[in-house]
Number of protein chains: 2
Amino acid sequence: MVQYSKKIQAVPEPTIRRMPSYLAFAEGLLRKGQQFVSSTQIANYMNIDPTQVTKDLSYTTIVGKTRVGYEVKAIVDVLSEFLGFSVMDNAFLVGAGSLGSALLHDSGLNHFGLKIEAAFDINPATIGRKINDVEVFHIDQFRDLAQELNVIMGIITVPAENAQTVADLMVAWGIKAIWNFTPARIKVPDDIIVQNTTLYSNLAIIFNKLHQDKREE
Amino acid sequence: MVQYSKKIQAVPEPTIRRMPSYLAFAEGLLRKGQQFVSSTQIANYMNIDPTQVTKDLSYTTIVGKTRVGYEVKAIVDVLSEFLGFSVMDNAFLVGAGSLGSALLHDSGLNHFGLKIEAAFDINPATIGRKINDVEVFHIDQFRDLAQELNVIMGIITVPAENAQTVADLMVAWGIKAIWNFTPARIKVPDDIIVQNTTLYSNLAIIFNKLHQDKREE
DNA sequence: AATCAATAAAGAAATTTTTCTTTAATAAAA
DNA sequence: TTTTATTAAAGAAAAATTTCTTTATTGATT
C-alpha cells in the first residue's frame, strides 16, 4: 500500500483554482462601487452552481449575510491574503529559453506575489543579458545567489529531458517549492512542494473538444 | 435544473492533463532506444497508481501486451495524434502586453500544433511591431485576417476587465475555440469551446501549500 | 405587523475520479 | 514441460468533488 501523494490538504485544489477568478470578479465590482455580491451573482459569472461558491468561500474567514450576500471588499482582501498574493516571495528561474523568457516578460507574476530575482541558463549567448530587467546568470552561480537573496521557489523552464537535473540542483540548494513548467515529472524529497504546470495540457484539452465536435457532426 | 457545463466528454479531463507527460516520458525512452514500457514504469515516473495509467491509455487505441507493456513508439505516435499535437491549427492572439508577448516568444506552441498567425492590440506603441516574427496589428483588422488565414482559435491575453469584450468580438468573427488566459470568465454561445488557463491559479496552489507547511510546523 | 422572497449555510445525495481487487495472459525461470 | 512472476485489463470499492435539498435568517413588500 503505497501512498502516491500525501494530501493532508484542507482546501480542495479545484477550490483554490476557482478563487483567483472570484477575486478578479470582486475586484471588478469594487471598481464599479458595488458593495455586496451574492453567491448567485458570482455563480452566474462563473457558470457554476451557487452552492459551489458558498462552499468555496466557507474555507476562508469570509461570511455572507442572508439576503444580502458577501461584502465585496472582504472578498478582495481575504482572498488575496488567502491565496498568498499579498506577500512577495522570491524566485529563481532556470532555463531562459522561449518559455522562460516568456515568463520573465510577464510582469503579472509581480502583481500576484512572485518576484523573479534572477534567471539562469547554460547558453553563453543569453548569459549576461537582461530580460525585462532580470539578469541571466550561469547556472553555477545559483547557490550563492539563492542564499544571498532569500529565494524559496525555483521555476523550471528547461527542456523536459533536463528537468530532473535542474530539480536535483534546486533541492540541493535548499529551495522549498518548485514550479515545473515542463511535461516531465520530477522526483524530489517529500518536504519539497512541486507544482506541475504544463501549458500544452490546456492545448490538448481544447484540441480534444474540437475533435469531439467533429465526431458529433 | 440548470446544467452548468454540458460535459458529453468521453475522456476525463484529468486523463487528458496527464497524457502530455506520458508522451514526454515515452519520447525520452524512444530517444534512449527502449522499445517497450510497462504501466508500472510510467506510474513510477508519474508518481501515480499503475492502474491509472492503464485506464488513461485505454481511452486511446493503444493496447498493451501482458508481461511486456506498451510499445513506446505506439504511445508516442498515438498520443501526439490523440492530443492533437500532430496537426497544425491557426490562432490569433489578442493582447500583446506582457503575458501576450510572453506566449509569442514561446516557440513550444508551434511544436504542439498551434501556429499563432498574428497578434492584435490597441496600443499604438506595439502595433506594427514584430514579436518573434509575429506581426502585431490593430484589433480592427482581426476580421479580415481571420477569414484570410483560416484561424479557428483565439487567445485572450488582455487585462481581465476587457476579456468579455474581446471574447464577443472573437465570437462575432466566427472563431471556434477561445483560450482565455485571464482570470475573468467569459460568456459565449454553447458551441464555442472555452479553455480557461490562469497561470496565477498554480501560483495560488503553491502558496497555499507553503502556508500549510507553516501551519503544521 | 405579517407575509414573501432571496439568500447563506449545513447536510445529503449524486457524480466523477482514483485506488484496490480479481482475472487472465504470457515471458522467464526452474 | 511446469511453475513462477509480471503484466494488462476489467470490474468493484473508495475517495473526492459537485450538485441537490433542507433549514434558518432577514430585507423587502403588502
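Any Cβ shown, glycine's included, is placed from N, Cα and C.
Sorting each residue of the DNA-binding region (B:21-60) by its DSSP state yields 29 helix, 2 strand, 9 coil. Here TrEMBL flags B:21-60 as DNA-binding region.
Annotated NAD(+) binding site per TrEMBL: B:G95, B:A96, B:G97, B:S98, B:L99, B:G100, in sequence order. Long-range neighbours of B:S98 (NAD(+) binding site) (same chain, six or more residues apart, CB within less than 8 Å of its CB): none.
The domain 'CoA-binding' feature in TrEMBL is assigned to B:84-185.
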Spatial neighbours of the DNA-binding region (B:21-60) far in sequence, C-beta under 8 Å, 6+ residues away: 10-11, 15, 68-73, 75-76, 78-80, 82-83, 85
Fewest other Cβ within 10 angstroms of its own Cβ, chosen from the binding-site residues B:G97, B:G100: B:G97
Binding-site residues among B:G95, B:A96, B:S98, B:G100 whose Cβ lies under 8 Å from any chain A Cβ: B:S98
Spatial neighbours of B:L99 (NAD(+) binding site) that are distant in sequence (at least 6 apart) but have CB under 8 A: B:T157, B:F181, B:L199
All-chain count of other Cβ atoms within 10 Å of B:A96 (NAD(+) binding site): 27
Set of same-chain residues at least 6 away whose C-beta sits under 8 angstroms from B:G95 (NAD(+) binding site): B:F120, B:D121, B:I156, B:T157, B:V158, B:P159, B:N162, B:V166
